[in-house]
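Asks: Feature table excerpt (TrEMBL):
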| type | residues | note |
| --- | --- | --- |
| COMPBIAS | 1-18 | compositional bias 'Low complexity' |
| REGION | 1-31 | region 'Disordered' |
| DOMAIN | 45-80 | domain 'FCS-type' |
| REPEAT | 141-245 | repeat 'MBT' |
| REPEAT | 253-349 | repeat 'MBT' |
| REPEAT | 351-456 | repeat 'MBT' |
| REPEAT | 464-560 | repeat 'MBT' |
| REGION | 558-589 | region 'Disordered' |
| COMPBIAS | 563-573 | compositional bias 'Low complexity' |
| COMPBIAS | 574-589 | compositional bias 'Basic residues' |
Amino acid sequence: MFDGYDSCSEDTSSSSSSDESEEEVAPLPSSLPIIKNNGQVYTYPDGKSGMATCEMCGMVGVRDAFYSKTKRFCSVSCSRSYSSNSKKASILARLQGKPPTKKAKVLQKQPLVAKLAAYAQYQATLQNQAKTKAAVPVEGFSWGNYINSNSFTAAPVTCFKHAPMGTCWGDIAEGVRVEVPNTDCSLPTKVFWIAGIVKLAGYNALLRYEGFENDSSLDFWCNICGSDIHPVGWCATSGKPLVPPRTIQHKYTNWKAFLVKRLTGAKTLPPDFSQKVSESMQYPFKTSMRVEVVDKTHLCRTRVAVVESVIGGRLRLVYEESEDKTDDFWCHMYSPLIHHIGWSRSIGHRFKRSDITKKQDGHFDAPPHLFMKVKEVDAAGEWFKEGMKLEAIDPLNLSAICVATVRKVLADGYLMIGIDGSEAADGSDWFCYHATSPSIFPVGFCEINMIELTPPRGYAKLPFKWFDYLRETDSIAAPVKLFNKEVPNHGFHVGMKLEAVDLMEPRLVCVATVTRIIHRLLRIHFDGWEDEYDQWVDCESPDLYPVGWCQLTGYQLQPPAPQSSRDSQSSSSKQKKKAKSQQYKGHKK
């Protein structure tokens, strides 16, 4: 793991006393690579221990590759240039950021420390100038600050099997070491140092440079899947210099002994981690693919839509008849709302035929194998029948679980469900759920789990009692054994933070919190908004993502609502309760 770096010339016994006081590294799960000491160690590029800095051009490199016995220069030309008095005058000028002139005076030989000090001063001047010229940035949302200031916990990446790295996250945990850019450094080249994970929040990790021990002053958040995060050993194989942060560079007299002690036996990322990240962000759906998707204006039917863009596995679908491409619908590629061309006809689902008689140039049908498969069901025996009663999440008000009825039984286990008391006369708001859907429940589910059941609109006999309602409507409850009772070990806990789609306006991904867990059902609260905007979502929903997903994929994250928005939505909700709409688009954000 340490190959590519030369052993230090100093004896390991010369390390400072603080080396001996280091705490033992806590053992981590064994599936991650273990850092081994094979005699090659990381060293501080101080010009004599493994790495060197050219006194002519300032380049940092491997010491053994430098020219001459003294290893002061990176090449023959730098050595010869330095020996010329006419060049000596230009060295300090270059370090100070001034172009050398032909009339430059001959200066006395400057030690390297003086030159680096001059360069550091020049860099500081540039930074101060940049600060005065830079525009004040717009105040943005930071997951790191949000979690730190409130001591929040985020749902682990392993809870999201559909997300990048969701199935191969492994044992990345607190204590894992990585190589990251060293921002506490004034050298002209990009250098790195080793840091340990102090806290994980989804993809985001709070890192602390090695050597800071309990000092959190320079801790920083970063996305662990970012391009600048590498396993220990990457610098060795890539020829990149490792430089201790300036704040602690004088803390230890023997960095070799310190690093050997801190890193031997610790865990790091797998060597192919970045490759796995890249592979997990390859999506099979491509632009111009045609699919069948729910019609957001008439939930009872589907329409043909074309994939306009793919971001992090989320698809922006434009309905095929939309000439200006503004009539769109957002969903994940694993959403139960999209299907291959011909699906509706195969199961007997209503379908809106397109006025476009033939495919447009470049458009092609998405292969059926790209879509999520539903479990096979046996409808030959006891099965759902029209008129049976059940409880279902209202697709037009996802905060409510309502009294519902099976309105039609389709092929392959699909059902058309209607919400009692609010159905359109033509059935245009019936919604298609599969029999194994986690969004439908047997009669009595809400009562058993102490969830408020929304009775039919206009039903006066309150509190609602299923026994009375079934007798009054002369109907029967769907048998309990027909429902999906599987509860995976999902890993979610109440209070965990995540990024979640607002399914009433599915182009938005928002900062959210898990507030209730009923078996596999999660109550998702959108931070900064009132509880009436909460949504019931399945634990395996492809519309839930780890903290940092938006940053990783380039999707825009909606931050918590500010106080002004909370005040306005609070007053409006008191005046008028949320009206049901025939579209998957709410008025909330």
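Any Cβ shown, glycine's included, is placed from N, Cα and C.
Note that the structure is a prediction, hence the values are computed from the model and not measured.
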Asks: So, taking each listed stretch (253-349, 351-456, 464-560) in turn and counting its Cβ pairs to the repeat 'MBT' (141-245) that are under 8 angstroms, which one gives the highest count?
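Replies: It is 464-560 that shares the most Cβ pairs under 8 Å with the repeat 'MBT' (141-245).
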Asks: Over the domain 'FCS-type' (45-80), what is the model's mean pLDDT?
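Replies: Mean pLDDT for the domain 'FCS-type' (45-80): 61.
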Asks: With DSSP as the yardstick, break the repeat 'MBT' (464-560) down into helix, strand and coil residue counts.
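Replies: Split into helix, strand and coil, the repeat 'MBT' (464-560) gives 19 helix, 31 strand, 47 coil.
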Asks: Report the DSSP secondary-structure composition of the repeat 'MBT' (141-245) as helix, strand and coil residue counts.
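Replies: Across the repeat 'MBT' (141-245), DSSP assigns the residues as follows: 16 helix, 30 strand, 59 coil.
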